[in-house]
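S.K.: The region 'Disordered' feature in Swiss-Prot is assigned to 1-44, 115-138, 152-197. Residues annotated as phosphoserine in Swiss-Prot: 11, 16, 72, 128, 191, 193. If you look up Swiss-Prot, you'll see 14-17 marked as motif 'D-box 1'. Annotation comment: Swiss-Prot describes 17-29 as compositional bias 'Basic and acidic residues'. Annotation comment: Swiss-Prot describes 53-56 as motif 'D-box 2'. The compositional bias 'Polar residues' annotation in Swiss-Prot covers 178-190.
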């Protein structure tokens, strides 16, 4: 209803203004006939005097954000901001280095796997694989055992009638040692990481051989004392 009343009022005002303009035009024509000089000046004045009716405009503006004045930060805040920037840059550099190292590690692993596979293929193409470290160790143990048995036989031949018994005991102890087994102690190494158990096996074999030597020496010393007492 209020909008309708406002529209009616504006229409009434326009009609009244149009009527006034028509009356002014009639007066201008009449005055122009009597006073021709004042005609254009009067029309200019009337054009400047014309005004349209103003309407009330409602500004539908909501409560906007409260803007604060931008101030320069304090020196303490500036120091904190600089420290935060340096920490961010350092963390970014560290993360980049870590990513690069991980990528290089994966590349190295892939390259080593490819090399190992190529070596295996070449060995299969050539025929029988070369002797591994475990096989070499077993051969060395057998050679040491043969040398010990030969030396013991010589000593037993020189010592007298009890040589056969001592020889039999030494053979039994030699056969009980792990060096006499034909199976390898360690599986053939496929990469450099398998060398550690091979070294541990070698050390174990050395300890066992030392114990065997001590036992043989003890038996020999006991047999010598017995033979001397009997003589």
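Don't overthink the numbers, they just go from 1 along the chain as shown.
Using N, Cα and C of the backbone, Cβ positions are placed for all residues, glycine too.
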S.K.: Take the compositional bias 'Basic and acidic residues' (17-29) and count its residues per DSSP category (helix H/G/I, strand E/B, coil), listing them in that order.
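M.R.: Reading the DSSP string over the compositional bias 'Basic and acidic residues' (17-29) gives 13 helix, 0 strand, 0 coil.
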S.K.: Non-local Cβ contacts of residue 11 (phosphoserine) (under 8 Å, 6 or more apart, same chain)?
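M.R.: Sequence-distant Cβ neighbours: none.
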S.K.: Please average pLDDT over the motif 'D-box 1' (14-17) for the predicted structure.
M.R.: 81
